[in-house]
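For reference, the structure is listed below as structure tokens.
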């Protein structure tokens, strides 16, 4: 047995520099046979317009409003909001054991396209740029509400990610408090910035661009890569080359470049198993209305569950629920596979 340690073959842990958490990597298990859950794929025979869809143009929504005959992206207040903007201020504490606080918020839905039967990788870059521009507009508008402290922009794609409507759409949740995951990322970035006077992700990105091993795609303003600490099999992160604290500061060129990066990445995802690739994706950026955050560096996470095929996904169970995340394929293997994928969607090849 060799005594030489190898990241490609030996079990090891990797540090997530954004959260301080560790992930167990077990590359020697990649040949493990699979006799577990196999997903059943639903046939994708959606029409371009569905009269029963509450996101299609001209249709009635649950609250009685009627969607306009929109031709690009469209945003509205969620009819089934997880947060309410009229929640009264309150707190509860029973002997420091039963503790609760009110959570005020505002939830919006953004329809990416009037077409019911497409997804982001099937949209034109110009149309995705319209979505990014609307994200920026909503972020700027929502941040004018002084009670809002964090704005989470995200998308759940696919039935197995809990998406309740196949029409291409995402969500924007604005909260009166900063969520726990963002507090962790803030602390890690702040600590690094205090010592190095440089953003954590600027330094990390510089190193990744020198190594190139985990880079999937790069354009003038953004880099797509599989992070060294990735948990999900084909997890990626998009990082802005310029140190930007939030989408508020994107130029028109950066809006177009992000649209290009999202297009290329999601096309590669779909091409990997020739299926509409499910994922949860979302931006992380500086909080609002709560001071300055010079350490913050804008980035966007993509967390896809598919593991071996269009029908086999990763489950977060057992050790991962009780101890720490674990993965078999390495980040380097995943990045290589994604790099090799064509930039033209498999449906139009």
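The first residue you see is number 1, and the count goes up from there.
A Cβ is built for glycine as well, from the same backbone N, Cα and C atoms used for every other residue.
Annotated in TrEMBL:
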DOMAIN    6-179  domain 'Galactose-1-phosphate uridyl transferase N-terminal'
BINDING   29-32, 62, 78-79, 156, 162-164, 171, 314-315, 319-320, 326  UDP-alpha-D-glucose binding site
BINDING   53, 56, 116, 167  Zn(2+) binding site
ACT_SITE  169  active site, tele-UMP-histidine intermediate
BINDING   185, 284, 299, 301  Fe cation binding site
DOMAIN    186-348  domain 'Galactose-1-phosphate uridyl transferase C-terminal'
- Do any residues at least six apart in sequence from residue 29 (UDP-alpha-D-glucose binding site), in the same chain, have a Cβ closer than 8 Å to its Cβ, and if so which, in order? 328
- Message: I'd like the Cβ neighbour count for residue 56 (Zn(2+) binding site), meaning other Cβ atoms within 10 Å of its Cβ, all protein chains included.
- Response: 20
- Item | Beyond the site residues 53, 56, 116, 167: chain residues whose C-beta lies within 8 Å of the centroid, for Zn(2+) | 46, 49, 50, 54, 55, 59, 111, 115, 165, 166
- Message: For a quick check of packing: other C-beta atoms within 10 Å of the C-beta of residue 167 (Zn(2+) binding site), how many?
- Response: 23
- Note on the structure: Whole-number Å distance separating the Cα atoms of residue 53 (Zn(2+) binding site) and residue 301 (Fe cation binding site) is 28
- Only counting partners 6 or more residues apart, tell me which same-chain residues put their Cβ under 8 Å from the Cβ of residue 301 (Fe cation binding site). 235, 236, 237, 281, 282, 283, 284
- Item | DSSP three-state assignment (helix, strand or coil) for residue 79 (UDP-alpha-D-glucose binding site) | coil
- Can you name the residues of this chain that are 6 or more positions from residue 79 (UDP-alpha-D-glucose binding site) yet have a C-beta less than 8 Å from its C-beta? 54, 61, 62, 63
- Using Cα coordinates, what distance in whole Å links residue 163 (UDP-alpha-D-glucose binding site) and residue 299 (Fe cation binding site)? 23
- Query: Here are the binding-site residues: 185, 320. Which has the lowest count of other Cβ atoms within 10 Å?
  - Reply: 320
- Message: Cβ within 8 angstroms of the Cβ centroid of 185, 284, 299, 301: which residues besides those meet this for the Fe cation site?
- Response: 18, 237, 282, 283, 285, 300
- Among 116, 167, 169, 314, 320, these being the recorded positions, pick the one whose CA is nearest to that of residue 185 (Fe cation binding site). 320
